[in-house]
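Scroll down for the structure; my scribbles are underneath it.
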Amino acid sequence: MDIEEYVREILKDIRERGLEAIREYSKKFDGYEGPFEVSKEEFKEAEERIPERDKEIIKRTLKRIEKYHRKQLKQDILYIENGSLYGLIYKPLKRIGIYVPGGKPLPSTLMMVGVPARVAGVKEIVVTNPPKDGKVNPYILYIAKLLKIEEVYKLGGIQAIAAMAYGIGMKKVQKIFGPGNKFVNEAKRQVFGIVGIDSLAGPSEIAVIADESADKDFVLYDLLSQLEHGKDSKAWLLTTSKELADYCNREGITVIVCSSLEECCKKANEIAPEHLEIITREPLKLVDLIENAGAIYLGLYTPVPAADYFLGVNHVLPTGGAAKFMGVLTVWDFMKPISIAMVSREEFISERELGIRLAEIEGIELHKKSLEVRK
């Protein structure tokens, strides 16, 4: 049975048997049999376990992320022409779900998704996280508390996606965010249409464009830092320096020596990496040549880990070449643009011939009648 069929069968079983099936899969995959929703006492216990210094670091980081994302907010567009009103208004989603993966705890995932959701005006946020020894990571619970998220569930894998999408054991969400393993990804893919999803996150990627001015160790450790995410992670060095190429020629790193920085940019556009660092004498001059990248980090002191944690820019990025057609997570991913119009009688009468003729061309008679019947 391939992964698509495997996930489909589990989702079908959960749809049919509901909470009973979720309990069985939670026991099977996570070894957990207790209540799913995290209690107020567990929130309190988690906060008590966090060192004060870590609390301060988390608060400072959240402020930086919030500051960056508040600048993204768009104003509604409204204008009047010929006595008619036209516009585009933005409405936040009411309820979303955030999947925070297990394995290594990733509290930064909750920060990077939860903050823009709150900035956008999302009122209800649900978090799911696979339990470890029957508990959710205390840092995740502390961040949830700071973001005023009260619904956190000890749920992982396919069953967590199903619970959020179908509204089993909780209210259904409108859209699911957050990375996961191949089973979570496939579950998200299959529930798309029932709910929205952010993206299908793949292995981490980094490409570095560097010339002879780049510090060799800076470049090397930036490349290696992304390979640390897992064996499927990818790293490319695109450089005009043979010396740097030789120094960074390590296992897992694809090294490409180019004749010019322009050629490096061309290669980067073909790769469309999740993260692109440009460490050259004049990195800003190359930005206009980059068309495909999830994020661009310039200069010696903007490594990917800085962006992952404390710069405030979002680290939820397209992978697997998807940067050719989509971009970084923003507040707009949590909002819906809605067009609005109120046309005056005078403008309608003067312009309706456009619609009447187009309806005739398309052969849809009742569209035409809807326009003609108005006098």
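Heads up, the Cβ atoms here are built off N, Cα and C, so glycines get one too.
Swiss-Prot lists Y99, Q159, N181 with the feature NAD(+) binding site, giving similarity to another entry as the kind of evidence. Less than 8 angstroms from the CB of Y99 (NAD(+) binding site) sit T128, N129, A160, I161, M164, I176, F177, G178, P179, G180, V184, each of them six or more residues away in the same chain. Y99 (NAD(+) binding site) falls within a strand when secondary structure is assigned with DSSP.
Look at Swiss-Prot and you will find S204, Q226, H229, H275, D308, E362, H367 tagged as substrate binding site, backed by similarity to another entry. In sequence order, G355, A359 constitute the residues six or more apart from H367 (substrate binding site) in its chain with CB-CB distances below 8 Å.
Here Swiss-Prot flags Q226, H229, D308, H367 as Zn(2+) binding site. For H229 (substrate binding site), applying a Cβ distance below 8 Å and a minimum sequence separation of six or more within one chain yields P203, S204.
Annotation source Swiss-Prot lists active site, proton acceptor at E274 (among others). Sequence-distant neighbours of E274 (active site, proton acceptor) (same chain, six or more apart, CB under 8 Å from its CB) are S204, E205, I206, A293, G294, A295, L317, P318, T319, A323, listed in sequence order.
If you look up Swiss-Prot, you'll see H275 (among others) marked as active site, proton acceptor, on the strength of similarity to another entry. Here H275 (substrate binding site) comes close to S204, E205, I206, A207, Q226, A293, G294, A295, Y297, V304, A307, L317: these same-chain residues lie at least six apart in sequence, with C-beta atoms under 8 angstroms from its C-beta.
If you compare every pair of Cα atoms in S204, Q226, H229, H275, D308, E362, H367, the residues listed for substrate, the longest distance is 55 angstrom. Report note: the NAD(+) site is defined by Y99, Q159, N181, and the residues of the same chain whose CB lies within 8 Å of the CB centroid of those residues, excluding them, are P101, T128, P130, L155, G156, G157, I158, A160, I161, G180, F183, V184, A187. Residues Y99, Q159, N181, recorded as contacting NAD(+), have a largest CA-CA distance of 13 Å. For Q159 (NAD(+) binding site) paired with D308 (substrate binding site), the C-alpha to C-alpha distance reads 28 Å. The two recorded residues, N181 (NAD(+) binding site) and E362 (substrate binding site), show a Cα separation of 46 Å. For the binding-site residues listed here (Q159, N181, Q226), the lowest count of other CB atoms within 10 A around the CB belongs to N181. Ranked by how many other Cβ atoms sit within 10 Å of their Cβ, the binding-site residues D308, E362 place E362 at the bottom.
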